[in-house]
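Student: I have a structure here, written as structure tokens, and I will follow up with some questions on it.
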Amino acid sequence: MASIRGVSVPMYTTLRRTTVVFTMVVEYILTRQKYTRYIVGSVAVIVVGAFIAGARDLSFDAYGYGIVLMANLTTAVYLATIARVGKTCGLNSFGLMWCNGILCGPFLLLWSYVQGDLKVAMSFPDLLSPGFLTVLLLSSMLAFCLNYSVFLNTRLNSALTQTICGNLKDVFTIGFGWILFGGLPFDLLNVIGQGLGFVGSGLYAYYKVMGK
């Protein structure tokens with residue numbers, strides 16, 4: 001959210017998709033995980049597609065780029081740590097989520113206080129209104145399901161698989177956005193790039209299933 005202030009949405013999406021490369025590097029450092037040339041090739045297709053999709057917006061903002069790349073690194077470390085701890089400590093996905101919440105909760109609360117977000121939230125005029133509380137509850141339930149899916153997929157498969165699943169989600173998000181909202185400008189490079197990302201994700205899934 002901080003990086004989007006200095007980077008456009010297409011370029012943000014492009015840079016975020018390079019998380020797959022960060023994940024591969026981090027997994028190698030933490031667990032010496034190596035991937036076949038088929039997997040590396042499919043990841044390369046995804047990254048190339050991402051840069052083609054964002055080719056029309058190559059404006060550079062040092063702060064925005066720095067924040068996005070930091071987010072990529074921390075995401076890669078986060079997922080690789082989940083995968084490693086999940087396979088060595090014996091905790092299931094829910095146990096990992098619970099420990100993550102206990103450890104991160106105090107830091108989040110402190111950061112919210114320092115940034116002033118906590119004060120703004122407490123002074124929200126509709127904080128106790130039934131409508132807001134209902135939406136907040138439903139949002140929290142969806143967030144729980146999302147996080148549980150991330151932990152489960154990462155623990156059972158790998159950090160790289162989860163990262164690529166996240167990239168594949170963007171393709172469907174863009175498609176549904178086009179169908180539901182319409183009026184989006186047609187950009188051939190963006191379509192080609194998104195298509196390559198989808199193909200790369202499909203190749204990765206195929207090679208994983210085939211054991212290559």
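Cβ from N, Cα, C; glycine included.
Keep in mind that TrEMBL annotations are predicted by a computer and have not been checked by a curator.
For reference, TrEMBL lists these features for the protein:
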DOMAIN    3-204  domain 'Sugar phosphate transporter'
TRANSMEM  38-56  transmembrane segment
TRANSMEM  62-82  transmembrane segment
TRANSMEM  94-113  transmembrane segment
TRANSMEM  133-152  transmembrane segment
Student: In the same chain, which residue numbers or ranges, 6 or more beyond the ends of the transmembrane segment (38-56), come under 8 angstroms Cβ to Cβ?
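Tutor: Residues packing against the transmembrane segment (38-56) from afar: 10-11, 13-15, 17-18, 20-21, 24, 160, 164, 167, 187, 189-190, 192-201, 203-204, 207-208, 212.
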Student: Looking at the domain 'Sugar phosphate transporter' (3-204) alone, can you tell me the average pLDDT?
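Tutor: Per the prediction, mean pLDDT sits at 80 for the domain 'Sugar phosphate transporter' (3-204).
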